[in-house]
Amino acid sequence: MPGCPETYQSDESQFRGRQGTSEREGVKRFFGDRHQKVREIREGDIVAQIPGTAFWIHNKGQSDLVLISVIYTSNEQNQLDQNIRKFFLAGNPQEGSQGGRRHRTRGSQQETKYGNVFQGFDDELLQETFDVDSDLARKVKGEDDRRGHIVEVREELQIVHPMIEEGEGWEEREREREREREREREREREMERGSSRRRGSSSQRQNGAEETLCTMRLRENIDNPERADYYNPRAGRITTLNSFSLPILSFLQLSAEKGVLYKDAVVAPSYYMNSHALIYVLRGNARVQIAGDNGQSVFDGKLQENQVLVVPQNFVVIKKAGSEGFEWVAFRTSDNAMKNNLAGRLSVIRGLPEDVLVNSYGISRDDARKLKYNREELTVFSPSSRSARGLRRDDAAN
């Protein structure tokens, strides 16, 4: 992050007498490596990235790394417009596998290719800025680089990081680290609550996350079943991530949700009061229905792996997993998205008096009780007996 100190450093003594030294104006200098903290990510991690932060990613694992990137262009941090402006500091994007990015200027048919940002500068100015020779300045611009913006590391990537501790007592130390991380989360939550009180009713965000960006946690894993907020052993689980569990999200005005549904399980019909949602399917499939505020069905179809669905604020959604189950991640445009269920033990229907239901729907008192109490589950529903009977009939027909 720009402005944060280089807190990781190598032992410079090991570089003495080796290559990597430089003599300039009679002064001999030895170079170790100093850089900012490097964070490791794994499957299930949500990573918060502050607007304007430069980043790089290296896949050191044994399988492909698949990232889902969500950019909130309506965030108050974007002072220009609602267009995405992602630029490269290195590489040559126009040589990428997709032929580079192009755009047409208004009133002109001329196409402009994109390279890294240094290609927009003169060689001599780059030489002067970095105090390097002309050959190195040209390499920084990357105009002759044909590798694109995803490059293969020539040897093992040497990154300064603490050694992994193993051996006797390792598990106990790991548990203590987890307790310390939980205490850190509580300190961050307390800091954010105090910051909110200081801000009062002002719309300006002051004395908030921007004071501690260099040390704040930027990631949280939502793939661990032990951290599920809703769990039904017969239906599945849902894990939510908001600014209470990852305080930096209050700065980004975003939150996330990870859901896992078992075969034929259902998520209660619900709507979010203060956010839109972007749903991305990770595995399996589900039938999804969305109803708008005018009572019309705006979507009724099957969602499958790698598909994306946008759900506007206050639109009601029902999800029913298919025979392979259903796994998804949803990103929401509020750091503390508020959900209302329309069925189940925490639903609006459950909270209404029986007489209100009787008169509103023109039903008997017994039917009103069925609406209120037939589903005792919270938000993740197991297949009902009615659904099971229907499945058995379908199997018999086949």
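Backbone N, Cα and C define each Cβ position, glycine as well.
Please treat TrEMBL annotations as automatic predictions, because they have not gone through curation.
Taken from TrEMBL as is:
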REGION    1-25  region 'Disordered'
DOMAIN    8-138  domain 'Cupin type-1'
REGION    91-110  region 'Disordered'
REGION    168-213  region 'Disordered'
COMPBIAS  170-195  compositional bias 'Basic and acidic residues'
DOMAIN    220-369  domain 'Cupin type-1'
Legend entry - Averaged pLDDT, computed only over the residues in the domain 'Cupin type-1' (8-138): 75
Legend entry - Structural state census, the domain 'Cupin type-1' (220-369) (DSSP three-state): 24 helix, 73 strand, 53 coil
